[in-house]
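Notes follow once the structure below has been shown.
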Amino acid sequence: MARLDPHSYNDSTQPETETLDWKARVDFRTRRLHAEATLTLKEASAGPLDLDTRDLDIRGVVDAQGRPLPYILSPPEPILGSRLRIELPSGVKQLTVRYRTSPEASALQWLTPSQTAGGQQPFLFSQCQAIHARSVVPLQDTPRIRIRYRASLRVPKQLKSVMAASFVAREEHGVEAEEHYEMPQPVPPYLLAFAVGSLTSKELGPRSRVWAEPEALEDAADEFAGVDDMLKAAESLFGPYDWERFDLLLMPPSFPYGGMENPRLTFLTPTLIAGDKSLVNVVAHELAHSWTGNLVTNASAEHFWLNEGFTVFAERRILEALAGPEVAALHAALGRRSLDEALHHFRAHPQLTALRTHLSGVDPDEAFSQIPYEKGYLLLRALEDAVGRPTFDGFLRRYLAKYRFQALTTEEFVRFTESELPGALAKVDADAYLNRPGVPQSAPRPTSARLEALEKLRGKVPSQADTKDWTPTEWQLFLESMPQDTSQDVFRELDAKYSLTGSRNSEVLVAWLVAALRAGFDAPLGRAEEFLGEVGRMKYLKPLYSVLASSRDHRKVARAAFEKNGARYHPIARQGVELILARA
Ligand code: BES
Ligand code: ZN
């Protein structure tokens, strides 16, 4: 018996799943999927087969001939869920589990019509990363095991499903439609993804279209019009795009993340719709995952930095190619600020600030932070600086070629890097990044003329001449650097001059609200309350609730806002906010 992933019951001595055939009927009335999962194993075997499940109502397990197979569903464990152990008689290569999901399935959010842009139809979406796929399908829910799949979804006829797979066909039967999909490339289970709602699409380029509710479609198409140029830039950096299509899905506001790199169909928060394409670095990030993450995959949540650190590095290379080094440096500076904040936040748990984490008994959603993103980015930047860009680019290409369609650990990364770039790890003190808390003094510091200009204006009210060329990213950096003891007059003057409370850019707005409220400037309190009812993206909910909860006067406002809006947040976001309020 060997369990290699602390977040899965998978036993590496048992046979691996090769393909999944998944059929599900989407029932909005009961908020359940009525489903059937057929797993085909790489080889026939005899003995126990352990699958991950969470809150699944198992109706039966049969072999390919329909003969019942014995199974035991263990009591749920809080982080892992319930182990489903199926006893395979010798020679069995295929088995089918019939089951229903729970209305509380952790990967699913069921929205009422009032939670959508159109207000007329319900909506359903999945979010499986890191370990929620098991609440939708019983499977070996570890990124070490990749599966190909076919899926069919039965949905109310007036709705459309979309899936992170290739679309095959739609058939209508009475009041329902059945839509068929296929994912021919093997993917880790956390990349299984779908959504159902009133969805339409618009072409953005030969390989991309955007899906959204009709009410939001035109704005989304304008915001993401540059996606084809982005794809070309990414291909020239990292090699051919392997997933045929790069479609985008504009999510309802309660989507808890900025973006999710579901293959062929990236999910994006509607808070990216700023009207000026200023937040498309998130699209670049999810696109970059097509190489780093979806092709070359972390072996478990303990090596999450291999997904995110590489992807942030790749995202900034795409930005640099499209918008120039100054813009990439501004984003690196934002990243460094968020890293310093995360280090401060985890000061009581320094081991969670090493890149290589040890997460037995730790929920990956709770360990989530900017550290794997930004400390990982700094390690890769340090390596790039140490060996020079051309050498590092060659290294990156060979890394992608060697590990494509595989998962790897930090230790394998170290061995590969040592053999490809001898001495480079020692030169940058990689061990300090990988295995020790904090950030080494020697870590690269983003510099640029625009950053220096910003630094000089710290805590002041800049003139119109100062700000006339500022991008929203510069506004965000300026606001995030406001000293805590900045006088109220500065905030009042800033808002009078630049209408920050009215900003359409969600990053600028949140940076403004947090800076102002933290310094005790209460004028934008009403806007903060309103915003907490408009969005469900955790990146915004957490700092806003934190800043409110940390003030005696505003704690009540935070509690009331959560009372009012909490039920509409995604369960992961709700949990995060609950924790903040409980600690206040
Ligand atoms: N894969 C992540 C989102 C994620 C991580 C979901 C862990 C569940 C568990 C995605 O690629 C991501 O990093 N999104 C960022 C985008 C940003 C770094 C540009 C986000 O949501 O803010
Ligand atoms: Zn990412």
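Here the Cβ of each residue, glycine as well, is placed from N, Cα and C on the backbone.
All TrEMBL annotations are machine predictions without curation.
For Glu286, the entry in TrEMBL reads active site, proton acceptor. Listed in sequence order, the residues of the same chain lying 6 or more apart from Glu286 (active site, proton acceptor) and placing their CB within less than 8 Å of its CB are Gly259, Met260, Glu261, Thr266, Leu268.
Residues annotated as active site, proton donor in TrEMBL: Tyr373. With a 10 A radius on its CB, Tyr373 (active site, proton donor) counts 25 other CB atoms from all the protein chains. Classification of Tyr373 (active site, proton donor) by DSSP places it within a helix.
Under a cutoff of 8 A between CB atoms, and with a sequence separation of 6+ in the same chain, the neighbours of Tyr257 (peptide binding site) are Gln127, Phe267, Thr269, Arg537, Met538, Lys539. The feature peptide binding site is assigned by TrEMBL to Gln127, Cys128, Gln129, Pro256, Tyr257, Gly258, Gly259, Met260, Glu261, Arg537, Met538, Lys539.
The Cβ of His285 (Zn(2+) binding site) has 24 other Cβ atoms within 10 Å, all protein chains considered. Annotation comment: TrEMBL describes His285, His289, Glu308 as Zn(2+) binding site.
The domain 'Peptidase M1 leukotriene A4 hydrolase/aminopeptidase C-terminal' annotation in TrEMBL covers 424-581. Mean pLDDT of the predicted structure over the domain 'Peptidase M1 leukotriene A4 hydrolase/aminopeptidase C-terminal' (424-581): 97.
Listed binding-site residues: Tyr257, Gly259, Met538. Those with a CB atom under 6 Å from ligand 1: Tyr257, Gly259.
For the pair His285 (Zn(2+) binding site) and Tyr373 (active site, proton donor), the C-alpha distance works out to 11 angstrom. Its Cβ taken as reference, Gln129 (peptide binding site) is surrounded by 26 other Cβ atoms within 10 Å in the chains shown.
Rounded to a whole number, the distance between the Cα atoms of Glu308 (Zn(2+) binding site) and Tyr373 (active site, proton donor) is 5 Å. For ligand 2, the neighbouring binding-site residues among Gln127, Tyr257, Gly259, Glu308 are Glu308, by Cβ distance under 6 Å.
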